[in-house]
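Feature annotations, courtesy of Swiss-Prot:
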- GLN167, LYS343, ARG372, SER373, LYS394: (2R)-2-phosphoglycerate binding site (BINDING)
- GLU209: active site, proton donor (ACT_SITE)
- ASP246, GLU291, ASP318: Mg(2+) binding site (BINDING)
- LYS343: active site, proton acceptor (ACT_SITE)
Amino acid sequence: MSKITKIIAREIIDSRGNPTVESEVHLEGGFVGLASSPSGASTGSLEALELRDENKDRFMGKGVEKAVSLINEKISIALKNKNARNQSDIDHIMIDLDGTINKSKLGANAILSVSLAVAKAAAASKRMPLYAHIAEINETPGVFSMPLPMINIINGGKHANNNIDIQEFMIQPISAKTVKESIRIGCEIFHALGELLKEKGMSTTVGDEGGYAPNLKSNEEALNIIQDAIQKTKYKLGQDIRLAIDCAASELYNKNEKKYNLKGENISFSSKEFTHYLEKLSQKYPIVSIEDGQDESDWEGFLYQTHVLGHKIQLVGDDLFVTNKNILKKGIKKGIANSILIKLNQIGTLTETLEAIKTAKQANYGVIISHRSGETEDASIADLSVGTSSGQIKTGSMSRSDRTSKYNQLIRIEENLGTKYAPFHGLREIKSAF
C-alpha cells in the first residue's frame with residue numbers, strides 16, 4: 001500500500017511570479033502526495049542549488065523545465081516501487097543519484113519537491129496527518145508542540161523595493177496562550193500598523209513576505225513606527241509583544257572594504273561596530289531575536305557578537321548555517337550563535353532537514369522553522385514545526401495567501417490536537433529570552 005507507482009512533476013508559479021517545481025507522488029492504493037519547492041532572494045552561498053533553465057526566452061531564464069524533466073525521466077524511475085514510508089532511503093537514493101555536494105546535477109528544487117511529496121503520500125497511506133508522520137520519521141512519535149510565530153510586519157532589504165536596510169522587522173506575541181491567539185494578535189497589530197502608515201501618508205504596499213514596505217529614514221524609524229502601532233492596540237510592547245529582526249547582513253557587507261553599509265542611512269560599520277549598533281538597538285527596543293547579524297563568512301564577527309549578545313538575545317544563523325548539520329556542528333564547536341533557522345530548500349531533503357534540527361536540539365540551540373521569500377500555497381513547514389516540536393516558526397505577515405496558508409494550517413493542527421497534546425510555550429521557546 002505504500003509502494004511508489006508513479007511520480008509526475010510540473011512547472012508552477014511561486015508568489016513572486018517565478019516558476020518553481022511541483023511533484024505529485026502516487027502510491028499503491030491510490031494515495032497521493034503533492035508538494036512544491038520555495039525559493040529565496042537573499043541566499044547563503046553554501047545552500048543547495050536550485051536548477052534553472054537559463055533560457056532567456058522563457059521566464060527571463062528562470063524556468064524549471066529541466067528540473068521537471070529530471071524528475072519525470074530519472075527520479076521517477078529510480079524511486080518506482082520503493083516504499084514511501086522509508087523516507088531516509090528515498091532521500092538517499094536521490095542524493096546518490098545526484099552525486100554532488102550541493103545537489104547541482106538534479107537541483108535541490110527538484111529533489112525537495114519529491115522528498116516532501118513522498119512524505120505526504122506516506123502520511124496519507126498511514127491515514128495520519130503530515131505532522132504526525134514527520135514525528136514518527138523524527139523518532140519522536142506522538143510528541144508535539146505548537147510554535148511561537150515570528151510575524152513579519154515591515155519588509156526591507158531584498159524583500160522590498162524601499163530604502164530600509166534591515167530585511168525583516170517582526171513581532172512575537174509572547175503573552176498569547178495559543179497559536180490561534182498569537183495569530184489574532186498579529187493580525188490586529190498588522191492592521192493597526194497599516195492605519196498608522198495611512199495617517200502618516202506612507203505607502204501600505206507590501207513586500208515579498210506580506211509585511212508593509214514603506215520608505216523610511218532609518219531602521220530606528222521602522223522600530224518607532226512599530227512601537228507606535230502597538231500603542232494603538234490593547235497590547236504592551238515588552239510585556240505582550242517582543243521584537244525580532246533579520247539583518248541579512250551578508251547583503252549589507254562589502255567584502256573588499258570589510259564594512260557593513262546601511263545605504264538608506266549612509267552609515268558604514270566594522271564588524272565589531274555593527275554588533276554594538278545592534279546592541280544599542282536591543283537596549284532601546286525589546287528585541288529578543290537577531291538573525292544573521294554578521295556576514296555568513298565572518299565567523300570571527302559572529303563569535304564576537306555571540307560573546308556580546310548571546311547570553312541575552314536569540315542569535316539565529318540562517319545564511320550562516322544553511323540548514324546544514326555539518327556547518328552547524330562547526331558553529332556549535334566554536335560557540336557561534338545560539339539558534340538556527342531551518343529552511344527545507346537550503347539543504348534539499350526532509351531527511352537532512354530533520355538531521356539539522358536534531359543536531360541543533362542536542363546542542364541546546366534554538367530552532368526556528370522558516371519559509372522563503374518566494375513561496376507557494378504548500379503549508380508543509382507548519383506540519384514540520386509541530387512534528388519536530390521546533391518551538392518557533394517564521395512564515396511572513398498577515399497578508400498574501402502564500403503566507404497565511406501556513407498560519408491557517410497551524411490553526412487547524414492546534415484545533416485537531418488540542419492544547420493538552422500540543423502545548424504552546426510562547427516566550428519559553430525563545431533562546432536567551434530571560
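Glycine is no exception: its Cβ is also placed from the backbone N, Cα and C atoms.
Here the candidates are the recorded positions GLU209, ASP246, GLU291, ASP318, and by Cα distance the one nearest SER373 ((2R)-2-phosphoglycerate binding site) turns out to be GLU209.
Long-range Cβ contacts of ASP318 (Mg(2+) binding site) within its own chain (separation 6+, distance under 8 Å): GLY44, ASP246, ALA248, GLU291, ASP292, ILE340, LEU341, LYS343, SER370. Take the CB of LYS394 ((2R)-2-phosphoglycerate binding site) and look out to 10 A: across all protein chains shown you find 29 other CB atoms. Within 10 Å of the C-beta of GLU209 (active site, proton donor) there are 30 other C-beta atoms, taking all protein chains into account. Using the Cβ center of ASP246, GLU291, ASP318 for Mg(2+), the list of other same-chain residues with Cβ within 8 Å runs, in sequence order, GLN167, GLU168, CYS247, ALA248, ILE290, ASP292, VAL316, ASP319, LEU341, LYS394.
Residues GLN167, LYS343, ARG372, SER373, LYS394 are recorded as binding (2R)-2-phosphoglycerate; their most distant pair of Cα atoms lies 17 Å apart. In three-state terms derived from DSSP, ASP246 (Mg(2+) binding site) belongs to an extended strand segment. In this structure, the C-alpha atom of GLN167 ((2R)-2-phosphoglycerate binding site) lies 10 angstrom from that of the residue listed as 'active site, proton donor'.
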